[in-house]
Amino acid sequence: MEEGFRDRAAFIRGAKDIAKEVKKHAAKKVVKGLDRVQDEYSRRSYSRFEEEDDDDDFPAPSDSYYRGEGTQDEEEGGASSDATEGHDEDDEIYEGEYQGIPRAESGGKGERMADGAPLAGVRGGLSDGEGPPGGRGEAQRRKEREELAQQYEAILRECGHGRFQWTLYFVLGLALMADGVEVFVVGFVLPSAEKDMCLSDSNKGMLGLIVYLGMMVGAFLWGGLADRLGRRQCLLISLSVNSVFAFFSSFVQGYGTFLFCRLLSGVGIGGSIPIVFSYFSEFLAQEKRGEHLSWLCMFWMIGGVYAAAMAWAIIPHYGWSFQMGSAYQFHSWRVFVLVCAFPSVFAIGALTTQPESPRFFLENGKHDEAWMVLKQVHDTNMRAKGHPERVFSVTHIKTIHQEDELIEIQSDTGTWYQRWGVRALSLGGQVWGNFLSCFGPEYRRITLMMMGVWFTMSFSYYGLTVWFPDMIRHLQAVDYASRTKVFPGERVEHVTFNFTLENQIHRGGQYFNDKFIGLRLKSVSFEDSLFEECYFEDVTSSNTFFRNCTFINTVFYNTDLFEYKFVNSRLVNSTFLHNKEGCPLDVTGTGEGAYMVYFVSFLGTLAVLPGNIVSALLMDKIGRLRMLAGSSVMSCVSCFFLSFGNSESAMIALLCLFGGVSIASWNALDVLTVGLYPSDKRTTAFGFLNALCKLAAVLGISIFTSFVGITKAAPIPFASAALALGSSLALKLPETRGQVLQ
C-alpha cells in the first residue's frame with residue numbers, strides 16, 4: 001500500500017513538473033504576441049494574441065467576448081484545466097470556475113509565467129515590451145480605457161433597457177429625493193423651532209447655512225470614496241448617516257445638539273447627488289443616458305414638493321405634540337423632521353436589493369463580479385420583454401491594468417486600531433491622489449472651466465431662490481406696517497384690558513389704575529407713555545416694546561415682558577413677580593407668514609416640472625452644451641424682469657418663472673459632468689464640483705440676503721452677470737452627446 005502511494009505521489013510530482021515546463025514555454029511564446037483588437041466593436045470579435053508563424057504547438061485561444069466564437073479552441077484546451085488534484089500556487093483553480101463564470105483572459109490571477117511574471121497584456125503585467133508594470137505608459141492605459149469603453153457600450157446595448165434600469169431609476173430617485181428634502185427642512189421648521197430653542201437671528205442664520213456646509217463636506221468625502229470603495233456601498237453608508245442623524249435631530253432639545261445633528265445629516269446626504277448620477281449612468285447605454293438622467297432629476301423636485309406638503313400638513317397641528325415636564329417638549333415640527341427622514345430610509349432598504357456598478361468592478365479588475373451583474377441586467381430585461389430564452393453571450397470583458405496601491409498588513413502586525421489607521425491613511429492618500437489627478441494635464445482645463453460653470457450657476461441660483469422668499473416677507477412687512485393704527489395722546493383710567501391688541505402704536509398716552517389681564521400684545525408699541533398704579537397679569541407679547549415710557553407703582557405678574565422690551569424706560573417702585581418661563585427672545589412663531597413660506601416653496605418647486613420634462617425630451621436631441629447655455633441665457637433674461645416685481649404676487653410669479661427656466665441648465669450640467677470624466681474619477685470630480693456648488697450657495701445666500709429691504713439694484717446685476725459668465729464658459733466645454741462613457 002505504501003509503495004503504491006509513493007508511486008502515485010511521484011507520478012503527480014512528475015506531472016506537475018511537466019505542466020510547469022509546458023506553461024513556461026507557452027508563456028514565452030505568448031509574450032511575443034501582439035495585444036490587438038480585430039474589428040472588436042463592429043463584428044463583436046475580440047482577439048487577445050496573434051499566433052506565431054513558427055512551430056505553434058499551443059495555439060492561442062480566441063478571446064472573443066461573445067459565446068460561440070471561440071468554442072473550438074475551448075474544447076481543444078479543455079484537457080489542460082487548472083483544476084487538478086494537488087494543485088499549488090502556480091496551478092490555481094480559477095476562482096469563478098465553480099460559479100459558471102467565463103474565465104477572463106486578461107486580469108485573471110492564475111495567468112502567470114513559471115518565474116512569477118505576469119503575461120503580456122494581463123492586469124499588472126507587461127504590454128508591448130514596455131518593461132515592468134510600473135513603467136507602463138499613460139498612452140497604453142488610455143488605450144485600454146478606450147477599448148473597455150467601446151466594449152462596455154456594446155455589452156449595455158445587448159443587455160437592453162428595461163425593467164432593471166427602471167427599478168434602479170426609482171431606487172436612486174428616492175436617494176435624490178432625500179437630497180431635495182434636506183435643503184428645505186431647516187427653512188420650514190425655523191418659524192416653529194425658534195420659539196422652542198430660543199433662537200436669535202444669528203442662530204437662525206447659522207442653522208440655515210450649516211446644512212450647506214455639511215453637504216459640501218459630504219459631497220467631497222463620499223464622492224472621493226465612491227471611486228475607491230464602490231458606488232453602492234458609499235451611497236448606503238452616506239444615506240445611513242443622513243437618516244440616523246435626521247432621526248436624532250427630531251428629538252434633541254438644545255440648539256447646539258440640533259445644529260450638530262443637522263450638520264452630520266447634511267454630511268450624509270451630500271454624497272447623494274455625485275454618487276446617484278454616476279451610479280445610474282453606468283447602467284445606461286449612450287442613446288438613453290441623457291434622457292434618463294434628466295428624468296432622474298425630477299426626483300429632486302419631488303423631494304421639495306414632498307417637504308412643502310408635509311410641512312403644510314403637519315407643522316400647524318399643535319395637537320401632535322407632548323411634553324414631559326418643562327425640560328422636554330416634542331412639538332409638531334419635530335414630527336415633520338422625522339417624516340422628512342423617510343425617503344432616505346426607504347432608499348436604504350431599496351438599495352440593498354441592487355448590485356454594484358459593473359463599470360466600477362471592471363475599473364478595479366473584478367471581471368467575475370462585473371460579468372455576473374451584467375448578466376443579471378440582461379436576464380432581468382429579457383424576461384420582462386418576454387424573451388427568457390435569450391442567453392447572455394458575453395464571455396470576456398476587458399479589465400483595466402491595476403497598480404498595486406493598497407497596503408496590506410498581516411493580521412498579527414500591531415493592534416487592530418494600528419492596522420485600521422494605516423489602511424485609512426492609505427485610502428485617504430488614494431482618494432487625495434485621485435482628486436489631484438483631476439487637475440492633471442489631461443483634465444486641468446475641463447476641471448477649471450467646470451468649476452467656473454458650477455460656481456456661477458450655484459451662486460446665482462441659490463442666492464436668488466433664498467432672496468425671493470426674503471423679499472416676499474419684506475413686502476409683507478411693508479404692507480403690514482402700512483396698516484398700523486396710531487392712537488396719540490389717549491388718557492385711560494380704571495379700565496380692564498382683557499383682549500388682543502395688534503399692529504398698533506400708542507403715543508403720549510396716560511394710563512391710571514388700569515388692569516391688563518390675559519392680554520395678548522402683537523406688534524404693539526407704547527411710546528412716551530405713563531403707567532401709574534397699573535397691574536399686568538398673564539400678558540403674552542410678540543414684537544411689543546415700551547419706548548421712553550414711565551412706570552410708577554406698577555406690578556407685573558406672570559408676564560413675558562422681559563427687560564429688553566423696555567427701551568429707555570423708567571420703572572419707579574415697580575415689581576416683577578413670577579415671569580413666564582421659556583424663551584426670553586421675541587419670536588414671531590407660526591402663523592400666516594409660515595404658511596406663506598410653505599406655499600411659496602411648494603409653487604417654486606412645482607414650477608420646475610415643465611423645465612424637467614423639456615430638458616429630458618431634448619437633452620439627446622440638441623446636446624448638453626446647447627441646453628446648458630440656452631437655459632442659462634433664458635435665466636439671465638428672466639432676472640431682468642425682477643426689477644418690476646413690486647408686489648407679493650408678482651414676486652411669486654417671477655420665482656416660478658426663474659425656477660422653471662433654470663432647472664434645464666442644472667439637468668444639462670449634471671449629465672455633462674458625468675460624461676466628461678472617466679469612471680475612475682467620475683464621482684471624485686462630481687463630488688468636488690458639487691462641494692464647490694454648496695460653497696457658492698453659502699456665499700450667494702449671504703450676499704443676496706444682505707440687500708433685502710435695501711435695494712434690488714445689486715442682486716439682479718450680480719445674478720445676471722454670473723449666469724452670463726457661466727453660459728459663456730459652458731460653450732467652450734466639449735460636447736458629450738453621442739460619446740460612450742469613458
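Glycine residues also receive a Cβ, built from the backbone N, Cα and C atoms like all the rest.
Listed in Swiss-Prot:
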| type | residues | note |
| --- | --- | --- |
| MOD_RES | THR84 | phosphothreonine |
| MOD_RES | TYR480 | phosphotyrosine |
| TOPO_DOM | 191-205 | topological domain 'Extracellular' |
| TOPO_DOM | 255-262 | topological domain 'Extracellular' |
| TOPO_DOM | 316-334 | topological domain 'Extracellular' |
| TOPO_DOM | 469-598 | topological domain 'Extracellular' |
| TOPO_DOM | 648-651 | topological domain 'Extracellular' |
| TRANSMEM | 170-190 | transmembrane segment |
| TRANSMEM | 206-226 | transmembrane segment |
| TRANSMEM | 234-254 | transmembrane segment |
| TRANSMEM | 263-283 | transmembrane segment |
| TRANSMEM | 295-315 | transmembrane segment |
| TRANSMEM | 335-355 | transmembrane segment |
| TRANSMEM | 448-468 | transmembrane segment |
| TRANSMEM | 599-619 | transmembrane segment |
| TRANSMEM | 627-647 | transmembrane segment |
| TRANSMEM | 652-672 | transmembrane segment |
| TRANSMEM | 691-711 | transmembrane segment |
| TRANSMEM | 713-733 | transmembrane segment |
Exercise. What stretch, picked from 170-190, 206-226, 234-254, 263-283, 713-733, has the most CB pairs under 8 A with the transmembrane segment (295-315)?
Worked result: 170-190
Problem set entry | Maximum Cβ pairs under 8 Å to the transmembrane segment (263-283) - stretch from the list 206-226, 448-468, 627-647, 652-672, 691-711 | 206-226
For this session: Answer with yes or no whether the transmembrane segment (234-254) touches the transmembrane segment (599-619) by the criterion of at least three Cβ pairs under 8 A, sequence separation 6 or more.
Result: no
Exercise. Relative to the Cβ position of the residue listed as 'phosphotyrosine', how many further Cβ atoms are located within 10 Å?
Worked result: 14
Problem set entry | Stretch with greatest number of CB pairs under 8 Å, the transmembrane segment (234-254) reference, 170-190, 206-226, 335-355, 713-733 candidates | 335-355
For this session: Determine which recorded stretch among 170-190, 206-226, 335-355, 448-468 has the most C-beta pairs below 8 angstroms with the transmembrane segment (691-711).
Result: 448-468
Problem set entry | DSSP residue counts for the topological domain 'Extracellular' (648-651), split into helix, strand and coil | 4 helix, 0 strand, 0 coil
Exercise. If we call contact 3 or more Cβ pairs under 8 Å (sequence gap 6 or more), are the transmembrane segment (713-733) and the transmembrane segment (170-190) touching?
Worked result: no
Exercise. Does the transmembrane segment (206-226) come near the transmembrane segment (170-190), with 3+ Cβ pairs under 8 Å (pairs 6 or more apart)?
Worked result: yes
